[in-house]
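According to TrEMBL:
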| type | residues | note |
| --- | --- | --- |
| DOMAIN | 17-142 | domain 'P5B-type ATPase N-terminal' |
| DOMAIN | 167-213 | domain 'Cation-transporting P-type ATPase N-terminal' |
| DOMAIN | 261-384 | domain 'P-type ATPase A' |
| TRANSMEM | 34-53 | transmembrane segment |
| TRANSMEM | 223-243 | transmembrane segment |
| TRANSMEM | 398-422 | transmembrane segment |
| TRANSMEM | 434-457 | transmembrane segment |
| TRANSMEM | 906-928 | transmembrane segment |
| TRANSMEM | 974-996 | transmembrane segment |
| TRANSMEM | 1076-1096 | transmembrane segment |
| TRANSMEM | 1116-1137 | transmembrane segment |
Amino acid sequence: MEEKSWKDHRAVLNPGEENELEVFGYQTRNLRRALCLLTSVLTCGALLLVFYWKPQWRVWASCIPCPLQEADTVLLRTTDEFQRYTRKKVICLYLSMLKFPISKNPEEPVVADCHSVINQAVLKPELKLRCIQVQKIRYVWDNLEKRFQKVGLLEDSNSCHDIHHTFGLGLTSEEQEVRRLVCGPNAIEVDIQPIWKLLVKQVLNPFYVFQAFTLTLWLSQGYIEYSVAIIILSVISIVLSVYDLRQQSVKLHNLVEDHNKVQVTVIVKGKGLQELESRLLVPGDLLILPGKVSLPCDAVLIDGNCVVNEGMLTGESIPVTKTPLPPTENSTAWKSHSLEDYRKHVLFCGTEVIQVKPSGQGPVRAVVLQTGYNTAKGDLVRSILYPRPLNFKLYSDAFKFIVFLACLGVMGFFYALGVYVYHGVSQRDTAAMALLLLTVTVPAVLPAALTTGIVYAQKRMRKKKIFCISPQRINMCGQINLVCFDKTGTLTEDGLDLWGTVPTANNCFQEVHSFTSGRALPWGPLCAAMASCHSLILLDGTIQGDPLDLKMFEGTAWVMEDCNVDYCEFGTSDTNIIIKPGPKASRVPVEAITVLRQFPFSSSLQRMSVVAQLAGDSHFHVYMKGAPEMLARFCRPETVPKNFSQELRNYTMQGFRVIALAHKNLKMQKLSEVESLAREKVESELTFLGLLIMENRLKKETKPVLKELREARIRTVMITGDNLQTAITVAKNSEMIPRGSQVILVEANEPEESVPASVTWQLVENQERGPGKNDTYISIGNSSVSDGERGSCYHFAMSGKSYQVLFQHFNSLLPKILVNGTIFARMSPGQKSSLVEEFQKLNYYVGMCGDGANDCGALKMAHAGISLSEQEASVASPFTSKIGNIECVPQLIKEGRAALVSSFGVFKYLTMYGIIQFIGTSLLYWQLQLFGNYQYLMQDVAITLMVCLTMSSTHAYPKLAPYRPAGQLLSPPLLLSVFLNTCFTCIVQVCAFLYVKQQPWYCEVYRYSECFLNDQSHFSTNVSLERNWTGNATLIPGSVLSFESTTLWPITTINCITVAFIFSKGKPFRKPIYTNYIFSFLLMSALGLTIFILFSDFQDIYHGMELIPTITSWRVSILVAALTLFCVAFFVEDAVLQNQELWLLIKKEFGIYSKSQYRKWQRKLAEDATWPPTNRTDYSGDSESGFYINQGYESAEQIPKGKLDLGCQTTEQHFETRL
């Protein structure tokens, strides 16, 4: 029974999706609420503050668990490692509010769509439904399924037949009203948050609350100057944060505002056409597309063709042709009705319709699929509003560190309490002094100091044309050890140059036609295919479309025209495109070609085809182009040359982009038959025509950047949609795969009947074309790797199809391949995202660089996604480079490393600064004293505040080091640094505190002031002290004046200065400290001022600083002690803690290895002499053994000696970290 109750109490929202959430049901209890309210009043709002930070506590305190069906409040929890909670109220909607009657009969559906969740959500006879709003999406309670379901979209279970027949005539006005009430408005609304609300959110941050408490205490004790400085700094920090958030909010609001104001025309069942505002659209509405329009929703095309610009989604402003959803009779879900990508029928929200082509049966019509935030654009905006939280050790470690410092402060609090109570000091003063020591350890300047490092890095990146929308990711860039690159447009030039065609005749390849010869392409089926098989359109007299299609079409020297009277006599629509020979084209017997039907290209299908008609010809022709290996499957075997694979490999191995073309005659003469043809029938039994060869040159920056990353021991991986052999060649030419490295082709096949899934390993051999030739040829042979070659570097290459099979059937084998996988070709956008995620599971810090097209998902998934596109789609990428090459990648990593090291340096400095002050103050508390206000002020403002705000402005080092900085605050070198520096300062301060008491001239000033004033002649002849010298101490009991504070203050102050210098190490991640002019000047000035105060004999200075003049030899002793402390600390930090070789030796001696998954796999793979497998086939049922390590990506100390080949480069000696 309890199990059933728990099941009813809990459900999952969006199962399997990125935004998966657990939802728990609760019922509010008034008595509990009243008790919470009373406690909040009694604690002066402290409980409300805790509830604000921990919404789950509020729910647990005021509600009791109950089945979700009865809940009035739900608690949502993310299913990721962060387990974040959100509280939501359950809203009830009543259909009785509508102006027309609705049947209360449970048997009668509310809406005509039998698949709609609305029918299952409405409770009858109450006509009530319950819903929640989560991250802008509305979910209704499904009474049948017993879970919350998304509304605002048509269900995926609808078939093509359902969409055409249920929604093909439009919705009734009554159903529109019902859907408007349930689904909400079709609007992507980004509210511009009021400034007061943003301010409250910033101020209620836990650290600012603690800071407010600290500053209140300091102000009450008369420590006004520093408190005011911190208040001013905090106010500036909060105002800047609020301004930044407000600006982002305004930008996003303006970006989507126009979307909500589009006027559209819909067909209402029984009423005809109706104009309305786009925010009134509902899923199922029948939309009329008259011409150019920005789509206000996602819609599926059911009649006519459209050309749209999907730059907002893909990052490429290339016209895309959309075709209508066929009215097939089967009951298969419409998204999977055919092998084709369903998206070719879908018009996405935010994209621009630039041309419509009616079918002749009326205007172009589309059924509204999704509205509001359920749409493609809504999803993009949601990804910005609710970004994926960062799982970076630095931030969780920082929190732990602050908790440790707070615990230290609590210990100090009880120590002070004990000392002051023991001496019988009044309760008020005891509490004030104890709280003061509590606040010393956690520096109030910490938030501002950590923020400045990121701000400086952003500023430097902006100068290098790299822009960032997620500043917290900059530190994460410092940990990147693997970068994935798209190929076309990223590693290689965007455009392609025509090289030549290789036609076929009689089942043989013919002589190559070179485009560089200047000769026109001779007429034939190959020329007709190149002229007609593309997705180009004529827009305002200009040909637009995919750059590859454009280059191919230009190679024919034909021209494009809109259909006119001369060529429309054989029954074509006036929206068809006419292609005619241009003045430079070869002589042809055909006046024109008309494209009648188009089956668009899709990256998953790797092909496109058209049905065309030659002028004066009575029958129709099919022309097809696509990836050669894909297209050959659709051709009759006897038409494909026997040496097809060899010829294809010949060109792809030289880095050419190869497209294959095919053709067939259609045995039909009616245009209506052509329009109803299925793609499967068109794309079959074709005749192979030949190959189109195009050059795709490397960008000049590619090779040097990849070399720089390789020298820095950062892995580089290529993820492309292009041909595998072309990708291998580009990888070799760019030296992503170094010379002499072996490439192993991994080919996996799906299970077939009695044969299980298999994976074949083939070694790719290098062959040189001949003497003096630089072109690399590759053949796949049967040779195997000899034992002597097993120390070489290996790289796996595979296609997207093989990756998918490995992912599904060889999941345990996948990590072994990924630690060495370098080339992933023919990858779909979804596979790219999946691959990035798999790399992350191996604990790689992954960077992804792409041009925006098809890379959006991977860019969002990576730790640092860098888009080279300026299109709207790039807003989903954390980083955008305005310079369209990969030079931005090492720049970003350098800045990330500098920012990360700066953050660590500032954190270490502020920790030590708090501890230094804590030790000094604790020693003085022993005799009921403390430092004077101006003594604190000198340390806090002149040193710490100024130093912290400038320490992070040191620029990144221009050369990438071959190892990363530490990625964890809680790493041994960093913890040892803080611990040893604490020990050193503690020893020096305690010795100075005790030693000053042994001096013959020492007296307890606060007890024997008469004695002290009478004996002043021993110390200084230049200072005359009056008997009424009381200083500006405001704390009672006890005076500030004492020999202990006079001795400790210069030591602690100089210690603060020297620690700042020690923790500001430059090379290898930052430029030397002297290049940071402001910081160096401030350090030297602070040190000079401190020494000047120490040795000066000016009464005003001593009076103001509340110091006592001492003999010169004692002052020299103080300076020597401070400098000795600096020398010891500097030596330990630089020669021991920052000594890479020493740490590698320690790790080797104690057998300490990295705990990262990819390191573990590399160590396992190093132990198997049979890995990598070559020239064999494994089946999914086989027992899996064999491990392999790519020594190109492993550090020397982590490989067993027997596996090392001295000729192979080592990589990534990960210093100071256990990642």
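Cβ coordinates are placed from backbone N, Cα and C, and glycine is handled just like the others.
Just so you know, TrEMBL annotations are computer predictions that nobody has curated.
Remote same-chain partners of the transmembrane segment (34-53), defined as residues 6 or more beyond its termini with a Cβ less than 8 Å from a stretch Cβ, comprise 61-62, 204, 206, 209. For the transmembrane segment (398-422), same-chain residues at least 6 beyond its ends with a Cβ under 8 Å from one of its own Cβ atoms are 207, 429-430, 433-442, 446, 450, 907, 911, 914-915, 918, 921-922, 925-926, 928, 969-970. Break the domain 'Cation-transporting P-type ATPase N-terminal' (167-213) down by DSSP state and the numbers are 29 helix, 1 strand, 17 coil. Long-range contacts of the transmembrane segment (906-928) within its own chain (CB-CB distance under 8 A, at least 6 residues past either end) are made by residues 398, 401, 405, 408-409, 412, 415-416, 419-420, 423, 425, 433, 437, 440-443, 445-446, 449-450, 452-453, 936, 939, 944, 947-948, 951-952, 969, 974, 977-978, 981-982, 985-986, 989-990, 993, 1004, 1006, 1037-1038, 1042, 1044-1045, 1048-1049, 1051-1052, 1055-1056, 1059-1060, 1063. Across the domain 'P-type ATPase A' (261-384), DSSP classifies residues as 27 helix, 49 strand, 48 coil. Distant neighbours of the transmembrane segment (223-243): 195, 198-199, 202-203, 208, 211, 215, 444-445, 447-448, 451, 933, 936-937, 940-941, 945; these residues of the same chain sit at least 6 beyond its ends, with a Cβ under 8 Å from one of its Cβ atoms. Residues belonging to the domain 'Cation-transporting P-type ATPase N-terminal' (167-213) score a mean pLDDT of 83 in the model.
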